[in-house]
Amino acid sequence: MAEKLEVYKCELCGNIVEVLHGGAGELVCCGKPMNLLNENTVDAAKEKHVPVIEKTNDGIIVKVGSVAHPMEEKHFIQWIELIANGKAYRQHLSPGDKPEACFPLITGPLKVREYCNLHGLWSSEG
């Protein structure tokens, strides 16, 4: 059963999907079940993957890692997502970009997720 906002990946073709409405069915791609991506479970440098949330007067800045994450062709952050108050905001990144994103100022509890093409899904709350 897929739950709202879960992220799944096809290990054959690399498709990644986020569930917008949960349901009882199984997510399938390339004829095989997709894998649920669990946050913060890959054995990798946490200081380069756990998102850091910075609140400013102008908005929210999310930086990937307390030490900047590489943004190279073979190893980079594909996207950063902010979830708050029933809304999801996402910034897609490319190699060469800074590993950060700016979002509008939002009050209340925040959850931030990012996806590293080599080390998977990471999150933090603030």
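Please read every residue number as a count from 1 along the shown chain.
Glycine too: its Cβ is placed from the backbone N, Cα and C atoms.
Among the features that Swiss-Prot reports, Fe cation 1 binding site is placed at CYS10, CYS13, CYS29, CYS30. In the three-state DSSP scheme, CYS30 (Fe cation 1 binding site) is classed as coil.
Residues annotated as Fe cation 2 binding site in Swiss-Prot, with similarity to another entry given as evidence: HIS49, HIS69, HIS75, CYS116, HIS119. In the three-state DSSP scheme, HIS75 (Fe cation 2 binding site) is classed as strand. Neighbour density for HIS75 (Fe cation 2 binding site): within 10 A of its CB lie 14 other CB atoms from the protein chains shown.
A gap of 22 Å separates the Cα atoms of CYS116 (Fe cation 2 binding site) and CYS30 (Fe cation 1 binding site). For the binding-site residues CYS10, CYS13, the largest tally of other C-beta atoms within 10 A is found at CYS10. Using a 10 Å Cβ-Cβ cutoff, HIS69 (Fe cation 2 binding site) registers 25 neighbours.
Contacts of HIS119 (Fe cation 2 binding site) defined by a Cβ separation under 8 A and a same-chain sequence distance of 6+ are given as VAL42, ALA44, HIS49, in order along the sequence.
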